[in-house]
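K.L.:
Have a look at the structure that comes next, please.
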Amino acid sequence: MKTISTLPFHLVNDLWRWRAFRGEYKVENWNRHFWDLKEEYLGVTAPVPRTKDDLDPPTIFHIANDYDMIRYFTRTVLQFQFYEKLCEAAGHTGPLHTCDFYGSKEAGDLLSKMMSLGASKPWWEALEVMTGERRMSVRALLDYFRPLEEWLIEDNKKDGDGVGWGDSWRLIEDMNVASTTATSPTMLLIGLGFVIFYF
């Protein structure tokens, strides 16, 4: 779960940074917007009540030191996009999560072909050499985790649990859950994939 859980974490931190730097947030509302993003994308709220006098984002090293985190988001998307194509080159058939291309000359040749470009070509051309596409895609990541997603959906149904969270799920003062609306994990990942091209 380290892979999936870090995607929205990295995205939220940079969404907040970009919007704050563009002046989309009033300074006195910085913290509120930070926690709004955390709630929307991660499904978490502040552990204690926060006010305009609090400022939590700089407690994260990358934010405090103006070090972007989208690189971690994109590397994860690319990791699975490359993995899928290396598996195809190795002749793998079957579910993506069962692929092992260790020792495959064909997979090695494909990787070498892309890496040999070095910095001589723009990244999207190197991506095209490996994947046949010039755009990043979360499709392979979704395919890899599809069995887990299907199991989670069925297990949650069996136990009567909801999947995801809604806009108004936030815990209120008396600790009653405000909403049971749900968001599909697949839709969340697709949404994250869309956001990367929007910003």
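Backbone N, Cα and C atoms are what each Cβ position is placed from, and that goes for glycine too.
Feature list, courtesy of TrEMBL:
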type: BINDING; residues: R71; note: chloride binding site
type: DISULFID; residues: C87-C99; note: disulfide bond
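For the listed features, I'd like the structural context: burial, neighbours, distances.
P.N.:
In the three-state DSSP scheme, R71 (chloride binding site) is classed as helix.
The Cβ neighbour count for C87 (disulfide bond), using a 10 Å radius and every protein chain shown, is 21.
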K.L.:
Could you tell me the C-alpha distance between C99 (disulfide bond) and R71 (chloride binding site) in angstrom, no decimals?
P.N.:
25
K.L.:
Using C-alpha atoms only, work out the spacing between C87 (disulfide bond) and R71 (chloride binding site) and round it to an integer in Å.
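P.N.:
Between the Cα atoms of C87 (disulfide bond) and R71 (chloride binding site), the distance comes to 24 Å.
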